[in-house]
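Have a look at the structure below, then the notes.
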């Protein structure tokens with residue numbers, strides 16, 4: 001099998017002309033060999049049968065003639081009969097045996113020849129170079145003896161050799177003729193195929209499809225030539241079509257490229273215009289925020305100061321209304337800025353450990369006066385359902401943003417509830433090994449929201465009824481901003497409400513958990529401010545009204561205050577004196593707060609480590625980052641309330657060396 005595979009692989013690589021000649025030669029060889037073999041075999045059989053039949057007849061005659069000699073024991077007559085075989089040239093010797101098997105008579109032309117063997121039964125026995133005929137002699141069914149004749153087989157062999165020689169001669173001649181004729185006839189097939197191969201190679205190398213093969217015969221090869229020429233016609237047509245398409249495509253691409261260049265230029269101009277508009281909008285909002293916050297700072301600050309000094313004064317109610325209106329204006333400013341950040345994708349979260357129970361209590365305390373003024377019951381409930389911690393864990397979340405969401409929801413509940421209750425609840429659920437789920441819920445017995453109107457809840461600048469804006473105020477941003485903040489935290493917010501039956505807003509946020517430090521509650525507010533007392537404070541503010549307000553607030557806390565009206569003056573004062581705390585405005589003439597802080601840090605004296613807290617109406621995250629990059633320790637946005645100022649002083653002054 002392997003030999004056949006190798007032979008097949010070898011033949012497959014031959015040229016087609018060689019294959020045709022080989023096929024014809026092999027076919028002729030096999031055919032003539034088979035015919036010659038059959039012919040030789042048949043001739044041998046015919047010769048053999050003829051010769052054996054002749055010898056069998058002679059043996060019968062000799063056996064019949066020898067009956068009397070054997071019967072009467074006449075050896076002379078028997079020898080005479082055997083000598084008559086001398087006329088048969090193929091007989092080597094003959095012998096006549098009596099009934100006992102003894103030699104009775106013999107014909108032996110070659111005296112040296114060995115007597116023929118005795119065979120027990122009649123028949124023919126082939127020897128290497130002869131054939132022995134054995135025949136019993138009977139008379140009236142009585143065996144008288146046995147006749148043995150040995151015949152030479154050389155005539156048989158010579159006849160076979162002659163037949164084989166003739167067959168070989170015929171085979172050689174036929175093979176030579178077959179190869180000659182095949183080598184001539186193969187040109188009828190191979191030559192057109194070679195011509196076709198030459199044309200194909202020419203087309204392949206030149207890539208020109210104008211050449212055509214010549215058809216010589218109307219056979220399969222001619223059909224192949226027709227198919228090849230038809231294929232070249234198709235390729236030539238397609239090539240021409242492709243050239244036309246490519247030419248048109250180049251024109252189209254050139255035109256499209258030109259159009260795209262124009263569109264890209266227009267798009268770039270539009271993007272630049274949009275970016276410029278976005279920058280202008282951001283700058284406008286930042287400037288507007290700064291300009292609104294700056295006058296709000298003394299308004300809220302002085303109202304707080306008067307309320308704190310005379311909580312039951314004759315104008316306490318009017319002062320409360322002023323403060324409430326100012327804080328409402330501040331919230332509107334914050335909402336507009338937050339919405340702008342959300343649209344620009346610049347809303348950032350700053351997670352920190354937060355005590356949810358305290359945060360909720362602070363919000364209720366802040367909104368309690370507003371609820372009481374409307375005759376509403378405002379309550380708060382906190383529940384910790386995480387049992388893996390010994391004490392309620394802290395959650396890592398942006399406290400300011402969470403406070404903003406809770407204030408928005410609670411504020412809306414109070415705003416749209418005329419009688420009954422408003423309840424705020426916070427629940428901490430287990431959500432994993434170090435993760436919890438914070439659930440905040442605000443319920444009210446207010447006017448409620450119809451099912452068809454609930455889809456408008458979280459759309460910016462949208463309120464369910466336009467008349468609500470006149471009755472309740474607001475811009476329709478609070479819930480939209482709250483939803484974006486919650487989604488940025490990875491949570492969700494949803495509402496369940498029915499017209500006339502109140503509303504329920506629910507917020508769920510996944511929060512990382514942190515273990516509460518045991519000594520975190522050891523220091524109280526009084527102790528903190530005891531540490532913060534009697535500090536030497538440098539106040540840097542260019543606005544006279546704000547300067548006087550902050551001076552009054554700092555002095556009311558028992559601090560020694562020195563004042564600088566711009567950054568350059570602050571640097572000169574810091575170069576000669578050591579301060580415990582520096583409260584630094586940002587937007588000032590001559591030298592702004594950023595540069596002033598950098599130069600104070602570079603003085604190399606004790607003020608290099610003094611807490612420097614920014615006090616500014618610039619409230620964007622970028623402004624906050626610039627403050628920290630300039631070397632400031634903390635950041636207070638205007639308007640600066642008494643509580644925020646007190647907290648900042650407490651946080652930083654308690655860290656000063658004793």
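Any Cβ shown, glycine's included, is placed from N, Cα and C.
Nobody curates TrEMBL annotations by hand; they come from automatic prediction.
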Which residue range, 126-144, 145-163, 164-182, 183-201, is the one TrEMBL calls transmembrane segment? 164-182
Mapped DSSP class for residue 585 (4-aspartylphosphate), helix or strand or coil: strand
DSSP puts the residues of the domain 'Response regulatory' (536-653) at 57 helix, 24 strand, 37 coil
Test of understanding: give the count of other CB atoms lying within 10 angstroms of the CB of residue 585 (4-aspartylphosphate). 27
Averaged pLDDT, computed only over the residues in the domain 'HAMP' (187-240): 77
